[in-house]
Structure formats: structure tokens, C-alpha cells
Amino acid sequence: MNMKKATIAATAGIAVTAFAAPTIASASTVVVEAGDTLWGIAQSKGTTVDALKKANNLTSDKIVPGQKLQVTEVASEKTEKSVSATWLNVRSGAGVDNSIVTSLKGGTKVTVEAAESNGWNKISYGEGKTGYVNGKYLGDAVTSAPVAKQEVKQETTKQTAPAAETKTEVKQSTPAPTAPKAAETKTAPVVDTNATTHTVKSGDTIWALSVKYGASVQDLMSWNNLSSSSIYVGQKIAVKQSAAKTAAPKAEVKTEAPAVEKETSTPVVKENTNTTVKKEVTTQTQTNTTKAPAQAAKPAPAPAPAPTVNTNASTYTVKSGDSLSKIANTFGTSVSKIKALNNLTSDNLQVGTVLKVKGTVPTTNTNNNSNTTAPTTNTSNNNTSSNTSTPSKNTNTNTNQGSSNSASASALIAEAQKHLGKAYSWGGNGPTTFDCSGFTSYVFAKSGISLPRTSGAQYASTSRISESQAKPGDLVFFDYGSGIAHVGIYVGNGQMINAQDNGVKYDNIHGSGWGKYLVGFGRV
């Protein structure tokens, strides 16, 4: 009678357990063969490694050929969850050692097919595709599925050991604490993928932003006029093409000086973050590039008065916001010529100053001195010696000038070579780190020559020369598609020294991808 009661009790326990589970399990036996693993058997039988170990009282993953394993196939209750991370990698197996199949965007709905003991879940997504993800990155978790699996497997062992009913009750409550883990993941921030701009935070990279917003690295660099992948904390990055269009300053400058393309192609690409630059041209460009997208369209009517400038005039009165490069572009001349016409020793201007913008630059004092000394020699000698000595002096003067220019270029290149191997930093002015135009400005300054701070402004302030005319010490410019964005110091034989992502180094201007971006050469 006692045995009958025990049997009834066991049966009742099984019935209660089966009722609590979402589905009914069926048991089978598998014989381990050479090369088999618990994970492989679990996959082929629609169960989990944890379930196999519990059903067979295994304390490790080790199995041997010929070993018989009790397998319980469980049709789990499928649970719908959503990806709580920004992007979640789907792998071919339950662990980071397995290959990535794809990545799911935050908020994507998935169905959990099974839960592994290591916290990974087998999921289905899309149209019947399956894979494995880390369960802590799934929100809205329902824990009934793993409870059902454990209960049903104990029900299988209960047929041979009624006392196992007590174990079932204990295990039924064991998975419950896993629920808060899923709930915690709900607090993970979900990125607004509809945003058009992103403010850079610590740890951000161009690649991470491209993944986060579904844009390619090339697009992000193009939309933001970046010549390298370097970004800095606090920088506002356009992550949609629409933001790039409204933020670009090109149209605003173009209407202001429609006849000159140089100013149009002078966006501050890498250097517009340098707050220490005092050149007015840099300040003006920075102001344009930091406007909010909603305001960028407003300045369009402002340049309307630009056509009132008489570009045929020989003088110009400096106005607020003017710079030498801007004035030079407006009148189709160069910064160096305006400085020579007005005896300027720096690029600084004052509002109200009247500048000569047309005319002939007077010859240098060196030539005049040479000419005046010739008659003096003639006076002190007879005609024969006079004729002989005069060309001798002229020849010496020209030779000295050539040597001086050569020496100046050699000194400039020697200064550039001192910094080979130094690190690149966006906005770097030296002497420990540089960006491209910071490097050229620093090197030329060491030779007593003042250059504008940005590559675009340097392009506008130099005289155009062909590659066949280029000599060591000239500047070489590059355009990635949005205006002048890079500058280096030409050293001859198709080589330049420049500051780029890999630091200060030599580069072939026609090799390693540089050739297709080469714009031309400029002489200071």
C-alpha cells in the first residue's frame, strides 16, 4: 500500500512538473563516437550542453567514444526579445571564439530558441536565420523557456528514480534569479540612428561611428572634410549627408567671390580645431564651420553685396572679416604681391586701411645697388677695364642670389628633416606634434617666412607653378574632393616631407594613393 502511495505521489509530481513546462520532452540515447563533443551532440539533438550534463550527471565536458548519453530533446517555448545594444554580433557558436555571422542593429526583434549555460542564447532572426548571441544584450527576457527545459529533463530521470521529484522542485526555482540580468540590459543606451550629427565622446572612433550610424568611414570623412581618421572629444561630426550639405562652408564663400575658385576650395579640413591660431583667415573659416546646420542656410543672402566690389580698382579699403588671402583672391593676385605693394611685413590687417591691389612691384634694393656701383667702377678705371669689370660684377651678383636661394631651400629642408618621425596630431603646431599645415607653417617660420595656418589659405597665398617648375622648398597641395585638404614640402625627385596620420615622413607625391589627389605646386 505504501508503494502504491509512493507511485501515485511520484506520478502526481511528474504531472505537476509537466504541466509547468511549456512543451513535452522526448528522451533518446546516443553513443559517443570519435570526434564527438557535447556541444556538437547538443546542436544535432536540439538540446543544450547544460541539459546533457545534468541528464547524465557529468561534471565536465569530457566524453569518450562508446559512452552512452541520455538525450532529451526539448521543444522550447520561443521567446521574443529585442537587441538592447547599439549593435550586437551574431556568431556561429556560443562564445566569442566563434566566427561572426552578422551584426544586428539595436532594437531588432529576435526569437530565443535556446539558452546555453555560459549565458549565450541561440536565436532566430530575419527569415529563418539562426545564430548565437550573448544573452546579456537582449532585453525583455522571459525565463520560462530555460525553466521548462530543466524540469522536463528531470522528469525523464524521474521515471527510474521517484525521489528525483524533490530535485525537480529545487531546480524549478533555480533559474529565477536570471531574470534581473535581462532587465538590467534595458538600461543600455539606444542610439538615435535618425540623428544627423554626433558630438564626439571619449572612446569614439570614426569606425565606431560608421557602425553606429550605418555610414561608411569614407562617407563620414567626406561629409566632414576629414583627411584622416583622427577625431577629438567635443567635435561635432555629420553622420548624415544632409548635415554635411548644410554645414559645408563652400557655398557661402563661393558667392562672396564668384570669380575666384581658390577661395571656394579652401575649407578648413584638419586644422579648423586649432584655437591658438591668430590669422584672421583661419578665424573666419572656423566661424563658418561651427555653425549649426539650421543656421548654415541663413548666410546665403548676406554675400549679396559682394558684386559691389570693383575688381578693376587699384586700391581696396579693408573691412571687418577681410584677410590678405581673401583680398588677393577677390582681385586675382597673390598675398605676396599685395604685401610687396604695401610694404607689409605681416599678414595682420586693420579695418579702414587702404591697400594697393594693382600695380608693379618696385625692383629690389640689391639690383639697384648693383646697377649704381657699375658706373662708379667705370669712373675709376679706363674704358677697357670698365667694360671688363662691369659684367664681372653683374655675374657675381646673380651667382650670389642663386646661391642664396639654394642655401635658403637647403636650410628649410634641413629644418623639415629634423622633425622626421614626430607624431601627428590634429591642430598640432609643433614642435612635438604637427598636422599638415602646422608642420609647413612651423618649418617656414624657422626660416623667417610667415605662412597662413591652414592648407587652403597657404594654397591661396602662393603662386601657382607647374611640376616641371617645382623646386625643393616649394609647397605641394592635395584635394580629397572637398577643397585643399593637405600640404607638404617638396624636396625634389617626386618626394615630399609632410605630416600625416603616420607622423612626419617622406612620401612619393605620385605613389601610395597620393597621385590621384595631387592638385599642384605653390611657391611662396
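Glycine is no exception: its Cβ is also placed from the backbone N, Cα and C atoms.
Taken from Swiss-Prot, the feature active site, nucleophile covers Cys436, and the record attributes it to sequence analysis. The active site, proton acceptor annotation in Swiss-Prot covers His486 and is backed by sequence analysis. Residues or ranges marked as active site in Swiss-Prot (evidence: sequence analysis): Asn498. What Swiss-Prot lists as domain 'LysM 1' is 28-71. Look at Swiss-Prot and you will find 78-142 tagged as domain 'SH3b'. Annotated domain 'LysM 2' per Swiss-Prot: 196-239, in sequence order. Look at Swiss-Prot and you will find 314-357 tagged as domain 'LysM 3', backed by sequence analysis. Per Swiss-Prot, domain 'NlpC/P60' is recorded for 406-524. Annotated region 'Disordered' per Swiss-Prot: 150-188, 272-313, 360-408, in sequence order. Look at Swiss-Prot and you will find 1-27 tagged as signal peptide.
For the domain 'LysM 3' (314-357), DSSP puts the residue distribution at 14 helix, 6 strand, 24 coil. Of the recorded residues, Asn498 (active site) and His486 (active site, proton acceptor) place their C-alpha atoms 9 Å from one another. Spacing of Cys436 (active site, nucleophile) relative to His486 (active site, proton acceptor) is 6 Å (Cα to Cα, whole number). Cβ-based neighbour count (10 Å, all protein chains) for His486 (active site, proton acceptor) stands at 24.
Around the Cβ of the residue listed as 'active site', 25 further Cβ atoms fall within 10 Å across all displayed protein chains. Looking only at the domain 'LysM 1' (28-71), the predicted model's pLDDT averages out at 87. Summarising the environment of Cys436 (active site, nucleophile), the number of other Cβ atoms within 10 Å of its Cβ, over all protein chains shown, is 28.
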